[in-house]
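Asks: Here you go, one structure.
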Number of protein chains: 2
Amino acid sequence: MASLMKSFVDVSPGSQFPIQNLPYGVFRPSAGASPRPGVAIGDSVVDLSVLSEAGLFKGPLLSSSSCFSQTSLNAFMALGRPAWKEARKTLQKLLSDGEPTLRDDHVLRSKAILPMNQVTMVMPAVIGDYTDFFSSKEHAVNCGTIFRGGKEDALPPNWVHVPIGYHGRASSVVISGTDIRRPRGQTSPPPGENAPEFKPSALLDFELEMAAFVGPGNELGKPVSVDEAADHIFGFVIMNDWSARDIQKWEYVPLGPFLGKSFGTTISPWIVTMEALDPFICDAPEQDPPALQYLTEKNRFTYDIPMQVAIRPKGESKASVISNTNFKYLYWTVCQQLAHHTVNGCNLNTGDLLASGTISGPVCMI
Amino acid sequence: MASLMKSFVDVSPGSQFPIQNLPYGVFRPSAGASPRPGVAIGDSVVDLSVLSEAGLFKGPLLSSSSCFSQTSLNAFMALGRPAWKEARKTLQKLLSDGEPTLRDDHVLRSKAILPMNQVTMVMPAVIGDYTDFFSSKEHAVNCGTIFRGGKEDALPPNWVHVPIGYHGRASSVVISGTDIRRPRGQTSPPPGENAPEFKPSALLDFELEMAAFVGPGNELGKPVSVDEAADHIFGFVIMNDWSARDIQKWEYVPLGPFLGKSFGTTISPWIVTMEALDPFICDAPEQDPPALQYLTEKNRFTYDIPMQVAIRPKGESKASVISNTNFKYLYWTVCQQLAHHTVNGCNLNTGDLLASGTISGPVCMI
C-alpha cells in the first residue's frame, strides 16, 4: 500500500512533505548557483539535476531528457502525464527506505539531498499567461454585495452558466516570502467631491486560492474537451491573490480588475502534482441548472483539500486563524475551467497558471 | 536633412518602408532556417544577423552584443534607447546610397538583403504580458452604449481620471496573415429563455488599435514616472483586436472581456520605432478635468498617424474603406498608460505589449 511507503530521509510526523507527496519546485543550492528542479521531502530538497546527471532516471521517457537540467520546470511539465508518472515512480523508489542506490551512496546522497533551510527557492515555472477564475459561489455573492451593492442581485445571471474568469498579470506572480509593497493608486472621490484620491491603498486584502499549472498546451483554434482537460494539468500551488479593494472598486467598471490586483500575487514555491492528489479525489458540487454540454463531465470530480488562513500582525507573537475552508466547495472544477478557457480556440501554453478564484468569501484586512 | 536621405536599395514612391522608417521584425529567410531579426526597406528585408556577423555594428553598445543572433527582438529591445539609436545610425549609414560598404560588396549584399516576398515573417518578440487600454473617448462612449445601454451614462465616471485598461491574452497574439478561427461560445439566453446558447459567434468584430512594445522594464514595486515612460517604449505595431461581441456581452460582467477576445489578436510583423516616429510628434488632446499629478506630463505629446480600415469580403475583388481615423485622437497617451500601469508597483518586462484600445468607434461586422 502506497500509504505505508516510507523514505530513508527524515520526515517528521505531520510533515506536509512525506514520500507520498513529492512536490516539485526550483531552487538554488547556494547563492550564485544556477536554479535547478527539485522535489521536497520532509525538511529536505532533492536536487533532480544531480539525480539526472547520475543517470538515475532510467525510464524510457526521461533517460535521455534534459528537463531536469533546466532553470524552470517548463520542459518537464511539457512532457505530459506519462513522463510525470515515470518521474514519480523513479523518485519514490530512489527515496524509499528499502532502496540502497541513493541511501547508501554517501557522496551522491550528500550532493543530491540538501536541507531545505539552506537552499533558496525561486519561481518554479516561467508563466506565460495567468488566468484567475471566480468559481466560489459564496465569494461571487460576497463580491457582488461589496462592489455592486445589495444581496438580491449579487450573483450575476451568467454566473451559474459561465466559469467566469479574467486575465491576470503574470509578471507580478512571485513565490512565498517575496515582499509585497503596499500599492498606491486612485480611489473613489470622497463624498461630495468629483476628483478621485491618489494614495496608498487603505483596503489591502488577501484572497485564498489554489492555482493549477498547465502541462502540455493546445494549439490556437483547437479547444480541449472537458474530459481531456485533466491531462493538461500538471499540479497545484496555493495562491494569495493580493487585492487593493479601494483601487479595485474605483477602476473595475467596465473592464474588470487591473491595478487593484497586479501589484503582486503570491504562490507557494512547491507544486503538488495531480498524482499526489489522487487519494483526495472526491465528488464536486452538483450543478443546478445543469452545465452546458461542453462543460458536462463524464467523470465529475474535485479534491478534498482543507485550507486555512492565519494572520500574524507585526509585533504579535501569535497568528490568528481567520478562515477555514476547502477546495472541494468550488462550483466549477479545474477541468471545466480549462475546457471553458479553450472553447473559443484560445491556446494555453505550458507554464500557464489557472487560479481557482477565492475559495469562500474574502475577509477584508481593513 | 534626414528627409532627403536615400538608399541604394530600391524603394518605390509611396512605400511605407523608406530608409527613414526601418521597422524591426523577425523572419525566416527560408523554410527550416532559424528566425532572425531584420529591418524592412522598400520591398526588401535586411538580415541583421548577417550584418552583425560581418562586424558591421561597430558602435560601443552593439559591437560585442549578440542581440541580432537571437530568434526574437527581446534582447535588442532590452538594451534601451542609446542602443536603438546606435543601431538606427549604423543601418541608415550602411543602407544610404553614398555608402559603399554593403552597396558594393555583392556577396555580402545578396546574403544580407532579401526580397520580402521570399521570407516568412514570425512573431517579432516573446510577449510576456499583453495589456489593452481603452483610451479613445469616442470608443468608450460607443461601448457604453452597446453594452450598458443608453448614451446618457455611457462614459463611466472613472474614465476621465483613469487610463482604463485590462489584462489581455498574450498567447493568442499572432502576426498578420495568421488564420483566425471564428470562436464558439456562450451567448445570452434568447428572449423568453433562461439558458444561454452555445454557438459560433454571430457578431465577430474587429478593433483598430496601435500597440507599444516595452523595451527596458521596471522592477516589481518601482513605478515608472510619466516623464520617464518614453524611455521604456521601443516602438509600435498596428493591432486588430478581434472581438466576438455576442460572447463578450454575455460574459463580461463582472470581470471584463475574456473569451470574447482571447481567440486571436493580430499585430503587424513590423515594429516602427519611436525614433522613426519622431517627425510625426504632435500635441495630444487637452484633458478636462486635468489629470492627477502622477499622470501630468511635463512635455505632453502624441503622434500624428492616420489610420484606415478596409474590408474585402470573400469573393469580392474590391476592398471598401469603412473607417478613417488618427492615433492622435486618443485621450490618454502611451506615456500616461505606462505610468498608470506601474504606479501600483506592477512590473513590466521587455516584450510586454501595451495596446491603445480601439481608435474611434467600433464598426460591427454583423
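Keep in mind that glycine also has a Cβ here, set from the backbone N, Cα and C atoms.
Okay, these came from TrEMBL:
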| type | residues | note |
| --- | --- | --- |
| DOMAIN | A:20-124 | domain 'Fumarylacetoacetase N-terminal' |
| BINDING | A:ASP132, A:GLU207, A:GLU209, A:ASP241 | Ca(2+) binding site |
| DOMAIN | A:133-361 | domain 'Fumarylacetoacetase-like C-terminal' |
| BINDING | A:PHE134, A:ARG148, A:GLN248, A:TYR252, A:THR358 | substrate binding site |
| ACT_SITE | A:HIS139 | active site, proton acceptor |
| BINDING | A:ASP241, A:LYS261, A:THR265 | Mg(2+) binding site |
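Set these features in their place in the structure for me.
Replies: Averaged over the domain 'Fumarylacetoacetase N-terminal' (A:20-124), the predicted model has a pLDDT of 98.
The Cβ of A:GLU209 (Ca(2+) binding site) lies under 8 Å from the Cβ of A:ASP132, A:ILE238, A:MET239, A:ASN240, A:ASP241, A:ALA355, A:SER356, A:GLY357, A:THR358, A:ILE359, each on the same chain and at least six residues away in sequence.
Note: A:PHE134 (substrate binding site) has non-local neighbours A:ALA140, A:CYS143, A:TRP159, A:PRO163, A:ILE164, A:GLY165, A:TYR166, A:GLY357, A:THR358, i.e. same-chain residues 6+ apart with C-beta under 8 A of its own C-beta.
Cβ-based neighbour count (10 Å, all protein chains) for A:HIS139 (active site, proton acceptor) stands at 24.
All protein chains considered, the CB of A:LYS261 (Mg(2+) binding site) has 28 other CB atoms within 10 Å.
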Asks: By DSSP assignment, list the helix, strand and coil residue numbers for the domain 'Fumarylacetoacetase N-terminal' (A:20-124), in that order.
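Replies: Going through the domain 'Fumarylacetoacetase N-terminal' (A:20-124) residue by residue, I get 43 helix, 22 strand, 40 coil.
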Asks: Please report how many Å separate the Cα atom of A:HIS139 (active site, proton acceptor) from that of A:TYR252 (substrate binding site), as a whole number.
Replies: 17
Asks: For the recorded positions A:HIS139, A:GLU207, A:GLN248, A:THR358, return the ones with C-beta distance to chain B below 8 angstroms, or 'none'.
Replies: none
Asks: Could you check the binding-site residues A:ASP132, A:GLU207, A:ASP241 and say which one's CB has the most other CB atoms within 10 Å?
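Replies: Sorting the candidates by Cβ neighbours within 10 Å, the top entry is A:ASP132.
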Asks: Determine, to the nearest whole angstrom, how far the Cα atom of A:TYR252 (substrate binding site) is from the Cα atom of A:LYS261 (Mg(2+) binding site).
Replies: 11
Asks: Here are the binding-site residues: A:GLN248, A:THR265. Which has the lowest count of other Cβ atoms within 10 Å?
Replies: A:GLN248
